[in-house]
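Peer 1: Mind having a look at this structure? Questions to follow.
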Amino acid sequence: MSPIRSAALLVALVTLALGAPTSPSSSMSSSFSLVSPPSMSSSAAEPTATVPYASTNPNFPMWGPDSPASVPKPERGKLGASILGPSNPPLELENPALLAPPTSDNGEVGNPKWSMSFSPNRIQTGGWARQQNVNVMPLAENIAGVNMRLEAGAIREMHWHDTSEWAYVLKGTTQVTAVDPEGRNFRANVKAGDLWFFPAGVPHSLQGTDDDPDGTEFLLVFPDGKFSEDDTFLLTDWLAHVPAEVIQKNFQLNSSKPFSHIPDKPLYIFPGTSPTTAEPVSDPNGQVPQSYFYSFSNVTATPLAGGSVKVVDSRTFPIATTIAATEITVEPNAMRELHWHPTMDEWAFFLEGQARVTVFASNSNAKTFNYQAGDIAYIPATMGHYVENTGNTTLRFLELFNTDVYEDISLSQWLALSPPELLKAHLDLDDATIAALSQFKEKPTVVAPLVVDNHPM
């Protein structure tokens, strides 16, 4: 037998022994293929899988926050075993993806979850504040957040930051004031669902009004993961550390008595009288040319198959050059589609509902996490992810980015706009599936629930 015929026979026998990779539904007769012997004149082989196919077994959440406390167990199918030692059922009920992760999870992605409920609260007379930054969430390098509450009339004292401030009012009405470097002032009442933005270094104040007898609560976002609410520049703190004669000279006073009641310690948050007007103080320099306020609540959301989306960035809120945002709703069993953000990290805050998110960090690293209202998700730029509503009510959340213009890449749109032959080569898609992808040539953002065999997915 010639050497070439011997080589061909050997390759065929090895192939029959090992078998080519098949999908789980393939028949035994189709799981083998012959490989032609190498030839100097042979053309490229037909595209085919060179590794086993990924599993199509479902990985639904094993339970939810409202399940009985006895339900959570670190088991999925034949994997895992019960807990014999100490456990924390309330936390386990909220985090099924950690205790019984999907079998598609692998490797490490860091911890992209933090709950404001875990943040130490700074309690003052008239309100409180709690924050998230890299000290509690190391992954969140580029954005930090503060959740603040002011009673009616209470004041977050006059102050400024070394970074810009973006805010979303959660409840009630907050009156904000500011003065820009040109001496132009600003004053406005910001209602629930509306925004304000102050550039870095611009002095401002925040005050709860009595529009709501409970006052106001809001979310503050800063484009710096190292930001600390405890390190802001406070009016009372500064003046308490300036010699009295310097203050007298600065304000051209005949004595130091007018400024003899400067608090020895910062006020930070303190009680006050609810404002009766939103008109700015008379200013010879006029008012700021670009408003620090944006009525986001009056923006009509774009309806989608499984929810809605609103976008705000410097194109619609010109002064907000360092933070872009979306407000998204997702109906039960629907999902924010598979996507990623090309250049900026995502900082998400969940306003209501329950969600499941899987973060893909490349190199087979993927982890799934569960979120509820008050939780923060942080997903670094380019990492693929989705946000699925796993509850029975509408999911609503904010996505925020340290940028002036919002961007994302839709997986569905990418595939729909790519050559069909590439999709066949990569994913072995048939013509009917490729044709169906054409519906995603326009970005879906949120996709509707899917019902298969009377089972919602």
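Placed from the backbone N, Cα and C atoms, the Cβ positions cover glycine too.
Keep in mind that TrEMBL annotations are predicted by a computer and have not been checked by a curator.
Worth saying up front: this structure is predicted, and the values here are computed from it rather than measured.
Positions annotated as active site, proton donor by TrEMBL: Glu399. Feature annotation from TrEMBL assigns Mn(2+) 1 binding site to His159, His161, Glu165, His204. The feature Mn(2+) 2 binding site is assigned by TrEMBL to His339, His341, Glu346, His385. Under the heading compositional bias 'Low complexity', TrEMBL lists 21-43. Feature annotation from TrEMBL assigns domain 'Cupin type-1' to 124-259, 294-435. Look at TrEMBL and you will find 21-53 tagged as region 'Disordered'. Marked as signal peptide by TrEMBL: 1-19.
Would you situate these features in the structure and describe their surroundings?
Peer 2: The Cβ of Glu399 (active site, proton donor) lies under 8 Å from the Cβ of Ala325, Thr326, Ile328, Glu346, Trp347, Ala348, each on the same chain and at least six residues away in sequence.
His159 (Mn(2+) 1 binding site) counts 21 other C-beta atoms within 10 Å of its own C-beta, drawing on all protein chains shown.
Every protein chain shown contributes to the tally, and the Cβ of His341 (Mn(2+) 2 binding site) ends up with 21 other Cβ atoms within 10 Å. Secondary structure at His341 (Mn(2+) 2 binding site), as computed by DSSP, is coil.
With DSSP classes pooled into helix, strand and coil, the tally for the domain 'Cupin type-1' (294-435) is 22 helix, 64 strand, 56 coil.
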Peer 1: Consider the binding-site residues His159, His161, Glu165, His204 and say which one has the Cα lying nearest the Cα of His385 (Mn(2+) 2 binding site).
Peer 2: Glu165
Peer 1: Would you count the other CB atoms within 10 A of the CB of His339 (Mn(2+) 2 binding site), including those on all shown protein chains?
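Peer 2: The answer is 20 other Cβ atoms.
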Peer 1: Write out the long-range same-chain contacts of His161 (Mn(2+) 1 binding site), meaning residues 6 or more apart in sequence whose Cβ is under 8 Å from its Cβ.
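Peer 2: Same-chain residues close to His161 (Mn(2+) 1 binding site) (Cβ under 8 Å, separated by 6 or more) are Phe198, Ala200, Gly201, Phe222, Phe227, Thr232, Phe233.
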Peer 1: What's the most sparsely packed of the binding-site residues His204, His385, counting other C-beta atoms within 10 A?
Peer 2: His204
Peer 1: Reported as an integer number of Å, what is the Cα distance between His339 (Mn(2+) 2 binding site) and His159 (Mn(2+) 1 binding site)?
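Peer 2: His339 (Mn(2+) 2 binding site) to His159 (Mn(2+) 1 binding site), Cα-Cα distance: 38 Å.
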Peer 1: Of the residues in the domain 'Cupin type-1' (124-259), how many are helix, strand and coil by DSSP?
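Peer 2: So the domain 'Cupin type-1' (124-259) is made up of 18 helix, 60 strand, 58 coil.
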Peer 1: If you count Cβ atoms within 10 Å of each one, which of the binding-site residues Glu165, Glu346 comes out on top?
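Peer 2: Of the binding-site residues Glu165, Glu346, the most buried by Cβ count within 10 Å is Glu165.
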